[in-house]
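K.L.:
As listed in TrEMBL for this protein:
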DOMAIN    2-121  domain 'PLAT'
BINDING   17, 82  Ca(2+) binding site
SITE      106  site 'Essential for stabilizing binding to COTL1'
DOMAIN    120-670  domain 'Lipoxygenase'
BINDING   367, 372, 547, 670  Fe cation binding site
């Protein structure tokens, strides 16, 4: 008889243990063991939370190289069937070789679950029937668990699920995350001390009342926003370092539908637009995706959403200042171009309409579509097409944590028929889907790859653009990490081309994420190692850094409602000189709309206690020394970047912290 030492590791998370009978079978290239009941001196406590329990499994002869373990469990009379989170199985052979079988998933039924050896090469699977069966069986099961669903025509597809608990256990929230999220969702208004105001459908009568509500819950940046929201320099700064820093681009020529003249913006004739454009000092923000969108009706009142064009100038003191705003796309006599020299409330109202448009553009395009929905596509395709022992799976699975469940909840709680966004945002309902479809049709691979996007928008040398600076650095750090890992496993382009699993992964992404639109530039297949490295870098960056950049500051910049109104209930002025403070207050959203928006932004910005920062991998998926060394280097570079950002922020009036690696979550998890 040949004896193998088998160690099972139960996860250190709430309710991870099991009191059921556990069985295991070892499968090797030369044979297999009997199905063994793992019972020892620890008894029922062998598989409690955080336990490491070892057993002896015997076989008549050597099993050769171990390629597979089969694990199952059966309930006892005293203990019903439960869920068990098994992290990994390690087997030590009589020859002293150690084989690692990663699991990192919940086992909730009595079925036999098969897990392959972590370092198994694909060639072994091709040569041995058992390995081939294992891979095909695993992917067949995953295709059934992770099915595509069309939530709405014209937007990325999502996972098919009837509810959060119908999702596969391995992708569900932890107990901690579930209780915290439900608690926060049900008490957001209470935490902000806004209970009672959520039923008030009246308008605001003075700015002091908004101040009293806002003062119940402030952050340092939110407090700064309240004090400076009217200032042009702060308005311009938000295009660089606020929650929607991807819209601004260098203006190389004025759009034909934005007839700004020199005398409008430079009345003293000290310079010309043509000269400033040539110098690279003029920038444009165009909200054309919002044009003609059907707006919401809230509290029985029609809401208003504009599609502005905003012209900004880089000044000699390195500020970005707005110099012209047109609130509708088509120039007309009743669509004036507003200027900083206009009466105070004309100009302030124009900026308020821009900030309200920016809310919808940010939430639906920048945030929901470009991070949440795409991250879900990347995750579902990975879980359907790539087996657990594949290096791509090991590399990407930590960056999918909680994404499927958080997106299901977003569809259910935010953008469904009764969702808070649908009910209280100007673009809620039919308009929301129009914007999402238009936005997806404009997504390009270039715009998703950070350095390419910065270059394409022409913003390489805009001063004080900390989102750009920190983002480029994080992209470089992530790229080096991904390159090291990918090149360790793929020695040449041919190996990439012949890997059917990663080819299926990208094919599914192109089909279900980008609806087979070749114009996006998204790869339809991988032809080289370099192409794979870049795409995987983009996937990790999108679900971690990019999501943090456009999510974490939502309450900071939107908590003070006048800076980011989620809806407006009066049309914009059609001529100048008639607006006043009362006009502004009548335009701002009602009290209940304001507090619902504040509560939602507070929830979306709140960090969970089981937050996992970028580069931390609590569940070890790689077992080889070289990838583990790459992870250590990755973490060291991220730590150094955190120190740089903290040092810089000490000298900033408004610190930019959203891309500090310590505050960037590994995945879209909120």
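Backbone N, Cα and C define each Cβ position, glycine as well.
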K.L.:
If you compare CA-to-CA distances from residue 547 (Fe cation binding site) to each of the recorded positions 17, 82, 106, which comes out shortest?
P.N.:
106
K.L.:
Apart from 367, 372, 547, 670, which residues in this chain have a Cβ no more than 8 Å from the mean position of the Cβ atoms of those residues at the Fe cation site?
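P.N.:
The answer, listed by sequence position, is 368, 371, 375, 406, 550, 551, 604, 668.
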K.L.:
What are the DSSP helix/strand/coil residue counts across the domain 'PLAT' (2-121)?
P.N.:
5 helix, 61 strand, 54 coil
K.L.:
Can you tell me which of the recorded positions 106, 367, 372 is spatially closest to residue 17 (Ca(2+) binding site)? Compare CA atoms only.
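P.N.:
Of all the candidates listed, 106 is nearest in space.
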K.L.:
Counting only residues 6+ apart in the same chain, whose Cβ is under 8 Å from the Cβ of residue 367 (Fe cation binding site)?
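P.N.:
In sequence order, 243, 547, 550, 551 meet the Cβ cut-off.
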K.L.:
Around residue 670 (Fe cation binding site), which residues of its chain at least 6 apart sit with Cβ under 8 Å of its Cβ?
P.N.:
406, 551, 604, 606, 607, 608
K.L.:
Cα distance, residue 82 (Ca(2+) binding site) to residue 106 (site 'Essential for stabilizing binding to COTL1'), nearest Å?
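P.N.:
With the alpha carbons as reference points, the distance is 10 Å.
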